[in-house]
Amino acid sequence: MSLIERLRLRVGIGNELYRATLAELFATGFLVFAGTCVNAQHVLSSGRYNAWIGVCVGWGLALAFAVQMAYRVSGAHLNPAVSFFQLTQGKISPLRFILFVIAQNVGAFFGAVLTFLVYYDKINSYDRGRRFVTGANRTANIFGTFPERHLSVLGGLFDQVVGTAVLCMLIACVVDRRNRIPPFMQPAFIGTILILIGMTLGMNAGYAINPARDFGPRLFTLIAGYGWGVFSYNRYKWFWIPWVGPMIGAVIGAWLYEFFIGFHIPDDPDTSYIHRIVDDRNPEGNLREIHLIETRPASERHDPPPPQQIAAQSQKPTSYRNL
């Protein structure tokens, strides 16, 4: 037994809900760390290192790998809005929803802390030790999202509702068992969803579409010296929008998919039975509910014969040719 296997037996968490909550915390922290590092390179180099396409692709890759890490443990929600639409569909319990939201926000906070430490010297060089929320030397936008000047309050809210609706609509499509997307491919598909949203809906306000991704880093910037301006920006007409808009948009997007597509996809007779078995074993309905079980043809199997057959063969006289 390897060292990893021995440690797994000793420190592995037995409670499934605790394991899932810890996975949400860690994977959300990685998502925010990698994504805000992408932002840092874009902002601190004035677009020289990461153009906008690089920002979109970087966030998409960060999400893909974060989902890959956690989807077998927690379903890899990594977003209170995703957990909320799962709650409205009866796929997770209220307790799981509350624990996931807390873990996601804590993970996002520490992800921002790690990015700040990695780029601390560069941030100091860029803003000369003074933390700005607005202006030419602003660096608060590395961590939180801030709207363009043309965006109204209603426009900002609509932007976040639509962006999150698209996200959760496509997530519902990817994880729908009737679409038969293999589980090992789902994280990559979900990452490309974020790339698509960034390239189509990122102009207005930076496509937060995730309350934890915005609140955790925003809270950190308040503590890190940026001041109350991270919340009072635009006369308090913005900070709450990346929290409220995604929660509304997630429910709209997920249920629109079900009403227009999901409820009308016929069951595949070859896989519906095994999926029902898997669903029964996974009553919480996490995003990891799809597991493809393959059986090799009889011609390719090399299973040992039953004991009765072995005994019968041993009683037969062995011919010269067989010997």
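First residue shown is number 1, and so on along the chain.
Backbone N, Cα and C define each Cβ position, glycine as well.
What TrEMBL lists as compositional bias 'Basic and acidic residues' is 295-304. Marked as region 'Disordered' by TrEMBL: 295-323. Taken from TrEMBL, the feature transmembrane segment applies to 21-43, 49-71, 97-120, 153-175, 187-209, 215-231, 238-257.
Counting Cβ pairs closer than 8 Å and at least 6 residues apart in sequence, the transmembrane segment (187-209) and the transmembrane segment (49-71) reach three or more and so form a contact. For the transmembrane segment (21-43), the neighbouring stretch richest in Cβ pairs under 8 Å, chosen from 97-120, 153-175, 215-231, 238-257, is 97-120. Only sequence-distant pairs (6 or more apart) were considered; of these, fewer than three Cβ pairs between the transmembrane segment (215-231) and the transmembrane segment (49-71) are under 8 A, so the stretches are not in contact.
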